[in-house]
Amino acid sequence: MAETPLSNSTFPRPTFFILTGIPGLGRAQAWLALMFGPMYLLALLGNGALLTVVCMDSSLHQPMFLLLATLAATDLGLATSIAPGLLAVLWLGPRPIPYAACLAQMFFVHALTAVESGVLLAMACDRAVAVGRPLHYPVLVTKARVGYAALALTFKATAIVVPFPLLVARLEYFCAKTIRQAYCAHMAVVELVAGNTRANNLYGLALSLAVSGVDIVGIAGSYGLIAHAVLRLPTREARAKAFGTCTSHICVILAFYVPGLFSYLTHRFGRHTVPKPVHVLLSNIYLLLPPALNPLIYGIRTKQIRDRLLEMCTLRKGQF
């Protein structure tokens with residue numbers, strides 16, 4: 001595709017963009033703050049409580065809980081990267097965002113999403129070792145290896161997402177500066193470009209397949225190993241107990257990938273059949289729902305976490 005020549009409908013790179021929130025809803029979108037506001041508050045309180053419990057209780061300094069703390073920290077970052085701006089747009093209407101801040105938000109949103117997907121894969125591998133080779137688990141899965149895995153996931157996400165803002169920064173001319181979204185998603189910005197965006201489109205598709213696709217295959221393989229190990233156990237009680245250690249992780253996987261799958265499919269294949277407000281609403285739910293649900297899932301279903309939270313609440317009540 002050749003570069004679009006400069007005309008009356010194009011202008012040089014803007015100094016700021018305008019975020020409109022959910023397009024087509026007008027003032028009615030303020031009511032959506034009643035949904036996204038509590039989701040963000042729950043993400044802050046829930047993940048903050050999980051991090052506090054794991055950090056303060058030395059008995060929880062084990063690989064599984066350290067991975068859970070990594071997931072909670074990622075969820076806090078992911079929710080905070082979009083929720084304040086989203087709520088401001090919903091309450092106050094379209095808001096400007098500086099060009100550099102837009103690129104920074106683009107990086108953090110996509111990088112933290114990639115980290116979260118990688119953490120879910122690491123947790124699946126952890127459960128596969130715990131169920132399949134329980135006697136070797138303390139040797140194979142250590143706190144040091146969990147730390148190395150967290151660093152590797154952060155480095156990988158940074159390396160593969162940095163091209164997003166760089167690819168956008170090379171683009172010089174735009175048709176508009178109004179982003180029909182509540183945050184600076186890569187493709188939402190690319191849609192405004194006047195010119196050749198083939199590299200952006202191809203890299204966006206390749207990144208989706210390379211990150212989510214590879215992680216989903218890895219998670220599926222881990223659960224295949226778990227299923228094989230569970231079916232080999234001699235009694236129904238033993239099989240139920242072994243599989244029960246994975247139920248929280250399965251719920252978290254569904255909370256992350258199911259909204260993401262719907263968002264991806266509607267964006268890639270339903271652009272002309274699914275209304276734009278539905279696209280935008282799904283993308284925001286995909287980013288805010290998992291951070292809100294994950295601490296609830298692990299807080300309710302993990303006995304050690306639940307007991308420590310109850311102890312903390314009881315102690316604070318006793319102080320008053």
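Every residue gets a Cβ built from N, Cα and C, even glycine.
Curation does not apply to TrEMBL; its annotations are automatic.
These numbers come from a predicted model, not from an experiment.
Annotation comment: TrEMBL describes 30-53, 65-91, 97-125, 146-168, 202-231, 243-266, 278-300 as transmembrane segment. Marked as domain 'G-protein coupled receptors family 1 profile' by TrEMBL: 46-298.
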Ask   = Taking residues 6+ outside the transmembrane segment (243-266), which of them lie with a CB under 8 Å of any CB in it?
value = 71, 116-117, 120, 123-124, 127, 130-131, 208, 212, 216, 219, 223, 226, 230, 274, 278-279, 282-283, 285-286, 289-290, 293-294, 297-298, 301-302
Message = Six or more residues beyond either end and a Cβ under 8 Å away: which residues meet both conditions relative to the transmembrane segment (65-91)?
response = 19-22, 29-30, 32-33, 36-37, 39-40, 43-44, 46-48, 50-51, 54-55, 97, 105, 108-109, 112-113, 115-116, 119-120, 122-123, 126, 143, 146-147, 150, 182-183, 252, 284, 287-288, 290-292, 294-295, 298, 302, 304-305
Winner by Cβ pairs under 8 Å against the transmembrane segment (97-125), considering only 30-53, 146-168, 202-231, 278-300 = 146-168
Inquiry  = On average, what pLDDT score does this prediction assign to the domain 'G-protein coupled receptors family 1 profile' (46-298)?
reply    = 87
